[in-house]
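Enquirer: Below you'll find the structure I mean.
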Amino acid sequence: MSAAEPEACACSSSSLDMEEKCQYYGNSSSDPPTEQHPDMDMFCCHSVQDSLLSSDSRFTNYRGILNWIIILLILTHAHLFLDNFIQHGFLIDLRKVLEHLMEDNYNWPSVNLILAANMFAIAALLLERCLDKGTLSPSAGHCLHLGNLGLLTLFPAVIILYDTSISTGGAYFSLWTYTVLGLKLYSYQETNNWYRQGSVPSPGTDKCVLHETKKQIEHLTFKDLYYFLLAPTLCYQRDFPFTPRVRINVLCKTLIEMVVLSQIIVGIVQQWIEPIFQRSENSFSNMDITTRVEHLMELVAPNHFLWLIFSFLFSHSYLNFCAELLCFGDRHFYGDWWNAKTLKCFWGNWNIPLHKWRYRHLYTPLLKKRVSQKQADLLVFLMSAALCEYVIALPLHSCRLWIFFMMIFELLVDVYLGEYFKGNYGNGLVWLCFLLGPPLAVMTYFHDHYMSHHGQHPPGLSITECLS
């Protein structure tokens with residue numbers, strides 16, 4: 001909007017009151033009506049209005065300022081990249097990543113660990129078949145399901161902690177696979193239990209209901225189970241929504257996105273984050289407060305870009321690739337979390353599949369047990385915080401509870417400051433917590449893991465060597 005437009009709007013809005021305002025210039029209400037002067041608008045060039053940047057103004061078009069900020073950020077970070085290349089040279093080497101994915105002379109214990117996860121999936125399917133046939137009582141089947149899920153949780157943790165041949169990268173991939181499998185199998189057994197409760201035949205049941213029961217048993221197949229395990233969702237249901245066909249152009253587009261973004265992530269880690277790690281002399285737990293703050297501020301920008309790119313890579317490219325390959329119809333994997341004005345809205349839109357699982361299998365059952373909404377919200381949040389700490393800290397063999405406590409701190413910020421920061425201020429608070437919150441705590445874990453290996457190896461040690 002140009003500067004002339006507010007003035008034109010102001011003059012046009014005040015033209016209705018022109019006679020009243022121009023009484024000051026000699027006209028009165030008792031004078032007979034006279035013909036207006038052709039330049040009468042030039043006499044009245046002022047009206048009551050606020051400055052555009054004042055709090056009372058309703059002006060919202062800041063697109064020009066946003067463009068200026070984007071250009072300034074690009075120029076600033078271009079200088080940082082140039083300074084990085086001048087100081088350290090070109091550090092990106094994709095061969096190191098490929099070399100250190102090989103574990104124990106191509107033995108790959110993490111792959112064997114992932115293949116062993118099929119035992120728990122098959123056990124869940126066999127238990128469901130026994131429950132549908134009536135050979136197991138509901139209480140016994142429920143206990144066996146919980147035992148299967150408990151073993152699924154403990155098995156990878158024990159292997160990762162005591163098998164020294166598994167790499168850190170392999171441990172992460174294995175643990176995330178088992179965590180996703182555990183959430184899926186819990187949804188699988190609970191949803192099938194809901195189906196059984198909804199199809200229990202009564203004495204007056206007709207043949208249609210019995211036929212429906214038989215049809216439900218036919219869903220308990222390996223094909224149905226493994227489609228659910230491979231589908232980009234954590235919540236099980238029968239008859240998922242499908243798309244008509246696989247679109248090759250969409251597959252190629254998402255595949256190219258994954259390849260390019262993966263290279264960018266490797267570049268950020270090797271070229272930007274690794275030199276910061278190499279300048280450190282101690283772990284974060286042993287640093288003084290000023291050195292700790294200095295290193296954290298250095299890591300804020302690369303860590304933030306890393307999380308943004310990884311979020312797009314996983315939530316958009318990878319999940320859409322899987323959905324297109326399986327003709328999975330529900331592609332709502334994330335909401336507009338970047339517009340969130342509260343931290344609660346951010347948590348709900350960041351990962352839609354996980355949010356659906358928590359709401360369906362944790363929050364709603366707690367409400368049915370007469371737990372208050374606030375208590376249910378708190379319990380679900382604590383479970384999410386503990387899960388994040390588990391999947392990040394265990395592969396690094398380092399549990400300091402930094403991620404857990406950082407998420408608790410965000411909860412306190414949302415409770416006590418959320419009512420004071422609303423609208424654009426609330427969105428700013430969300431972005432500030434995203435910059436300085438759990439993602440930065442995750443990076444401190446990797447920093448200390450790097451330092452624990454750095455003291456035992458030559459100074460030229462790379463992050464990819466630490467993760468092997």
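Every residue gets a Cβ built from N, Cα and C, even glycine.
The transmembrane segment annotation in TrEMBL covers 65-86, 106-127, 139-162, 168-186, 378-396, 402-421, 428-446.
Can you walk me through where each of these features ends up in the structure?
Expert: Long-range neighbours of the transmembrane segment (106-127) within the same chain, counting only residues 6 or more positions beyond its ends whose Cβ lies under 8 Å from a Cβ of the stretch, are 136, 141, 144-145, 148-149, 151-152, 155-156, 159, 163, 165-167, 169-171, 173-174, 177-178, 181, 185, 188-189, 220, 222, 225-226, 229.
Non-local neighbours of the transmembrane segment (139-162) in the same chain are 109, 113, 116-117, 120, 123-124, 127, 130-131, 171, 174-175, 178, 181-182, 185-186, 189, 193, 394-395, 397; each lies 6+ residues outside the stretch with a CB under 8 Å from one of its CB atoms.
Distant neighbours of the transmembrane segment (168-186): 100-101, 103, 108-111, 113-114, 117, 120-121, 124, 145, 148-149, 152-153, 155-157, 159-160, 228-229, 234, 236, 354, 357, 361, 387, 390-391, 394-396, 449, 466-468; these residues of the same chain sit at least 6 beyond its ends, with a Cβ under 8 Å from one of its Cβ atoms.
For the transmembrane segment (402-421), the residues of the chain that approach it from at least six positions outside its boundaries are 342-344, 378, 381, 384-386, 388-389, 392-393, 428-429, 433, 437-438, 440-442, 444-445, judged by C-beta separation under 8 angstroms.
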Enquirer: For the transmembrane segment (378-396) and the transmembrane segment (428-446), decide whether they are in contact, meaning at least 3 CB pairs lie under 8 A, counting pairs 6 or more apart in sequence.
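Expert: Checked: the transmembrane segment (378-396) vs the transmembrane segment (428-446), in contact.
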Enquirer: Quick test of the contact rule: Cβ under 8 Å, at least six residues beyond the ends. What residues does that give for the transmembrane segment (65-86)?
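Expert: Same-chain contacts beyond the ends: 271-272, 275, 301.
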